[in-house]
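Copied over from TrEMBL, here are the features:
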TRANSMEM  A:16-33  transmembrane segment
TRANSMEM  A:45-67  transmembrane segment
TRANSMEM  A:123-146  transmembrane segment
TRANSMEM  A:153-172  transmembrane segment
TRANSMEM  A:202-222  transmembrane segment
TRANSMEM  A:243-269  transmembrane segment
TRANSMEM  A:325-349  transmembrane segment
Amino acid sequence: MKTTPSASSLMSRENLYFLVLAALLLLVFPVLLDAFRLNLVGKYLTYAFVAVGLVLCWGKGGILSLGQGVFFGLGGYCMAMFLKLEASSPEATASQSTPGIPDFMDWNQVTELPWFWQPFHSFSFTLIAVVMVPVILAFIIGVAMFKRRVGGVYFAIITQAIAAILTILIIGQQGFTGGANGITDLRTLMGWDIRSNEAKTVLYFVTSGLLLACVLLARHVLGSKLGRILVAMRDQEDRVRFSGYDVASFKVFVFCLAAALSGIGGALFTLQVGFMSPSFVGIVPSIEMVIFCAVGGRHSLLGAVYGALLVNAAKTGFSESFPELWLYAMGALFIAVVLAFPNGIAGLYQRYLMPLEKKMLGGLGKAANTRPTAAARRMEETP
Amino acid sequence: MSTSRDFILTVEGLTVSFDGFKAVNDLSLYLEHNEIRVIIGPNGAGKTTVLDLICGKTRATDGAIRFKGQELTRMKEHQIVRSGVGRKFQNPSIYDDLTVFENLEVSYPRGRSVMGALAFRRDQQVLDAVHEVAETIFLADQLDCRADLLSHGQKQWLEIGMLLIQKPDLLMLDEPVAGMSVAERKKTAELLKVITRNHTVLVIEHDMQFVGDIADRVTVMHQGQVLSEGSLAHVKADPKVVEVYLGH
Ligand SMILES: Nc1ncnc2c1ncn2[C@@H]1O[C@H](COP(=O)(O)OP(=O)(O)O)[C@@H](O)[C@H]1O
Ligand SMILES: [Mg+2]
């Protein structure tokens, strides 16, 4: 295996950045932030799952999806259905005309749990569904579009349409989905109260841990030949096709992977926020998710995480003081990023901070280089 | 007509119609093993379209393309490639954001499925193949260079290298020396001579000097049809060819 010196130092640099993020999520935030703020960060991080997926499929593969909210929402709804069933035990819903079904069903004169709700009594089924429902939908969309060579703007518009359709469907089928209010009043996960501060802290750590694992998974995929094929497809799709690859199957794969990540994010969102509603599924949230990724830097997995954190923090801050201005600010931000910083925060970092850091690390590196040899000598001296 | 068994590629009655306009019209072509065939002809004669039809980029309206006993007109593009047809595009098509090494590695014919690509390992076999091809295409010293930093000529060579590493039986090159300097043309002619020791090559080219250097046989196309075929001297002396080129 040939590794050039620059490649190996790049690897260790990547590891360093990853460790910095891990320390930030697992140590710095929990120490510095109170339970309320930590829960907010945990919520932001669930969007980072989507943003990481977008780096894979948009940044690397060149497939822009404006419908990632669909997969986020499906993952979130799967989890919400499980939690809702648990909150709708016959005892807890004794006052309803049909006890044992979710309250919104009762309000809508539904008298029996619909068939597609039944399996969500099982937690293991729910966990599988959180990933597989988004993946199956992504697979169907992917095969239908990519095998027909639908790409670029057309694909983006179609994903956008799907986001709109799903929102309308959810809102329209109030008796089965909770409608515009969504699925609310979620309380416990297998008897464990998810509304307490302790639970929220635990869920924050679960989210952080899973996010870091997903970043590693994504890094592994990008590090494989598949990652280079994605970049190659973005650069010259025909060249890849006429090098013997079935381009569509690679697109389907990466689109499904991004959907799976979004679904996991959605499920964690539901757990931490305690409800799920169509407002996280449709066109606006889907576009916001693309903005998180673009601001962070669509070529950088870690950049996407920071993008999700920063834009969401800005959104919270902004909406607290000028709620009506947020959409405009978001639009302006997106245009600014696209026009001026196409590689987002990660690009700015590489351009302006990395040279500085190199200078500093260069000095440190020399010092560090002498240390191991000294240590090695000492080891040899000790019998 | 001789039996198709003697030929690696047999094209018969090939026709493609774009909204009624026949870019290729009832064209037949027979390539022998390890032959270098050059297609020449004025702009718009349909030369590029013929290559598009063979590699599956464009679907034929009519006619047959048999390659090593397989009918290509019904196969998917990647299957045609896997059966041994390599095609270089007119404008250099390389992966700008990857290094020369990675460009060649991605083209290496192993791990072409999704799972295969995930499991692909950069082993000695791959390294050897990449280095060997890089040597052949004069890019051994540029392996770690990003492909978009190469000169135009080097990009053309890289794309040829990306085909060579796939070890195709038939290599189709669309104007490989267009835009090259005189020195680069010479080197490319050498390169093609090396390549053709064990490949059948179908080249589209305008540069007559270059054609004379490499061609075994020349096919002249005009308005989607074969106007003349034979040695370069033969087609140059053909009155029909003279007329088309002088009238042009
Ligand atoms: N996909 C297409 N749709 C419509 N017309 C095409 C298409 N491809 C090629 N043509 C037309 O077919 C003719 C032959 O083109 P081409 O094969 O590129 O010529 P050459 O390579 O000999 O210069 C041209 O008139 C071109 O405009
Ligand atoms: Mg042409």
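Using the three backbone atoms N, Cα and C, a Cβ is placed for every residue, glycine included.
No curator has checked TrEMBL annotations; they are predicted automatically.
Sequence-distant neighbours of the transmembrane segment (A:45-67) (same chain, 6+ residues past either end, Cβ-Cβ under 8 Å): 25, 151-152, 155-163, 204, 207-208, 210-211, 214-215, 218, 221-222, 227, 230-231, 233-234, 250-251, 254-255, 257-262, 264-266, 268-269, 272, 283, 286-290, 292-293, 296-301, 303-305, 307-309, 312.
Against the transmembrane segment (A:123-146), stretch A:243-269 shows more Cβ pairs under 8 Å than any other of A:16-33, A:153-172, A:243-269, A:325-349. Same-chain residues lying 6+ beyond the ends of the transmembrane segment (A:16-33) with a Cβ under 8 Å from its Cβ atoms: 41, 45, 201, 204-205, 208-209, 211-212, 215-216, 219, 302, 305. Non-local neighbours of the transmembrane segment (A:325-349) in the same chain are 288, 291, 293-300, 302-303, 306-307, 310-311, 314-315, 318-319; each lies 6+ residues outside the stretch with a CB under 8 Å from one of its CB atoms.
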